[in-house]
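Colleague: Pasting a structure below so you can have a look.
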């Protein structure tokens, strides 16, 4: 009986800013192990209670958080797995995990992106590689550095099984980090992937010096595009005005710490996308998601002008100026049911 009552051990896979922040939160609630590739990062976490590479020297992590570079140790001891690796490495880590992980261990993704080539959401990859393991996503307006510094924030844990979601939500909840639950995994994952593309669009606008009214226009119409595609793919319309949708869209479009907004600004400064990506310390998921989103839009017969223009700049040689001229040239129709910008 005592063994059944013990605190579940959370294993966070990934050493980036958000994975480390979530690992530190979980460590304040119970036993937590973080797997990282870099020995230097592991030593920094274990000895200095910091992840200086991704969170700087000022953010102090929970002193009960332990890091390891031993993947087998992490996989073999996990009661709950939290996936903090980028979308391009997600499947590979899961495949390695499948060799070691016990049955039924829940897998919670932190990734707000889609897999290029298959266009799959992260929970779909979990279901394919780790059948029988409950899969979900923790999503919301969460700039990692702010959460790590203790500013109040919130997220939503999306899982099909609400009893399990409620139980797991307590692992992530603190006095200043609120965690809600939902069963709309599709909506939460699509909102997380889409907002990155739209943040690039807003970043382009910053580089052009657009006004606040124009910025609000782009964000509002982006929410409409996000909702149209998300609902077409099976998401609930109630998800998109919430934390995973509008909340995350606002912070990713407006925060100076937003990687995707930064990409848009750099594109507006005339830098090639490859040069921008090479100069960044972390992944901007919107760069990879833009073409995938347009494939979905074409599949469902949807017109998505903002996503279209971002894809054109990133993948088809268009300029930021041409993108915004293209949006303004759109003829406005019905605000809800119209197909244009």
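Just so you know, glycine gets a Cβ as well, placed from its N, Cα and C.
Per Swiss-Prot, the features are:
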- 195: active site, proton acceptor (ACT_SITE)
- 17, 18, 37, 112, 144, 259, 283, 285: NADPH binding site (BINDING)
- 112, 140, 195, 248, 258, 259, 260: sn-glycerol 3-phosphate binding site (BINDING)
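What's the neighbourhood like for these features in this structure?
Modeller: Its Cβ taken as reference, residue 195 (active site, proton acceptor) is surrounded by 33 other Cβ atoms within 10 Å in the chains shown. DSSP assigns residue 195 (active site, proton acceptor) to a helical segment in the three-state reduction.
DSSP assigns residue 18 (NADPH binding site) to a helical segment in the three-state reduction.
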Colleague: Compare all C-alpha positions of 17, 18, 37, 112, 144, 259, 283, 285, the record's NADPH binders, and send over the largest distance in angstrom.
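Modeller: Greatest Cα-Cα span of the listed binding residues: 22 Å.
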Colleague: Could you state the whole-number distance in Å separating the C-alpha atoms of residue 17 (NADPH binding site) and residue 140 (sn-glycerol 3-phosphate binding site)?
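Modeller: The separation of the Cα atoms works out to 15 Å.
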